[in-house]
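Please read the structure below before turning to the comments.
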Amino acid sequence: MAYPAQMGFQDATSPIMEELLYFHDHTLMIVFMISSLVLYTISLMLTTSLTHTNTMNAQEVETVWTILPAIICILIALPSLRILYMMDEINNPSLTIKTMGHQWYWTYEYTDYENMTFDSYMTSTNDLTPGELRLLEVDNRMVLPTELPIRVLVSSEDVLHSWTVPSLGLKTDAIPGRLNQTTLMASRPGLYYGQCSEICGANHSFMPIVLELIPLKYFEKWLLTML
């Protein structure tokens, strides 16, 4: 959940988001070290007299500034590729959900069950109850079990949308005529909010996403009430 004036990421609720946070910290440390080196070099140039103005060849320096950037690129690329493969890996999902984007609402279909489809519209400000969040609440939440691998199929019936839930590390484009997929596995129950992250028209800002993650036994009871 995001907080007012928050400067960092939301708390991770899935293994993928935890990996993304580690990768962010790893990359940020490399950027900090490079920035420090550049600032140190600039300060030396400004505070010392010019030397080696007649140097025509510096083999050692050329070797360093060729090898060092290559090492830095490798240190960034390897963990990045690892996370990319993790995000695309879907092994024996326990549940499959099909998400369809519309202007301007979402439709969720639980493909493992018959006639298990519903629309999810934003709750208007006048209908909010105390404690609910403006522009983030919906009339029908997507209810999912925790600690189980879940596959989400994402597409659109009109224009480009993007199904995004930051705390789970999810962002999948909804493209008309194309079926994209992503996977999630929540580590703890709770309400998790997201929004459409692709400009899709006049009411783009009014396409919230709400996931209600609950233990499996409560999810089974919820299914019985919906079927």
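Including glycine, each Cβ sits where the backbone N, Cα and C put it.
Among the features that Swiss-Prot reports, topological domain 'Mitochondrial intermembrane' is placed at 1-14, 88-227. Here Swiss-Prot flags 15-45, 60-87 as transmembrane segment. Annotation comment: Swiss-Prot describes 46-59 as topological domain 'Mitochondrial matrix'. The Cu cation A1 binding site annotation in Swiss-Prot covers H161, C196, C200, M207 and rests on similarity to another entry. According to Swiss-Prot, the Cu cation A2 binding site annotation covers C196, E198, C200, H204, on the basis of similarity to another entry. What Swiss-Prot records for E198 is Mg(2+) binding site. Here Swiss-Prot flags Y218 as phosphotyrosine.
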*Which sequence positions outside the transmembrane segment (60-87), separated from its termini by at least 6 residues, show Cβ-Cβ distances below 8 Å to it?*
15-16, 19-20, 22-23, 26-27, 30, 34, 169, 182-183
_Whole-number Å value for how far Y218 (phosphotyrosine) lies from C200 (Cu cation A1 binding site) (Cα to Cα)_ = 35
*Can you list the residues of the same chain, besides H161, C196, C200, M207, whose Cβ falls within 8 Å of the Cu cation A1 site's Cβ centroid?*
G101, Q103, W104, L160, S162, A174, Q195, S197, E198, G201, H204
*Write out, in the order they occur in the sequence, the residues of the chain not among C196, E198, C200, H204 that have a C-beta within 8 Å of the mean position of the C-beta atoms of the recorded Cu cation A2 site.*
G101, W104, V159, L160, H161, S162, S197, I199, G201, M207
*Taking every protein chain shown into account, which of the binding-site residues H161, H204 has the largest tally of Cβ atoms within 10 Å of its Cβ?*
H161
*asked:* Across the topological domain 'Mitochondrial intermembrane' (88-227), what are the DSSP residue counts per state (helix, strand, coil)?
replied: 21 helix, 61 strand, 58 coil
*Give, as a single whole number between 0 and 100, the mean pLDDT over the topological domain 'Mitochondrial matrix' (46-59).*
71
*By a Cβ-Cβ criterion of under 8 Å, what residues six or more beyond either terminus of the topological domain 'Mitochondrial intermembrane' (1-14) are in contact with it?*
20-21, 24, 166-169, 184-188, 190-193, 213
*C-alpha of Y218 (phosphotyrosine) to C-alpha of M207 (Cu cation A1 binding site): distance in Å?*
27
*Which of C196, E198, M207, Y218 has the fewest nearby Cβ atoms, counting only those within 10 Å, among these recorded positions?*
Y218
*Looking only at C-alpha atoms, tell me how far M207 (Cu cation A1 binding site) is from E198 (Cu cation A2 binding site), rounded to the nearest Å.*
10
_DSSP-assigned states of the topological domain 'Mitochondrial intermembrane' (1-14) in counts, ordered helix, strand, coil_ = 0 helix, 0 strand, 14 coil
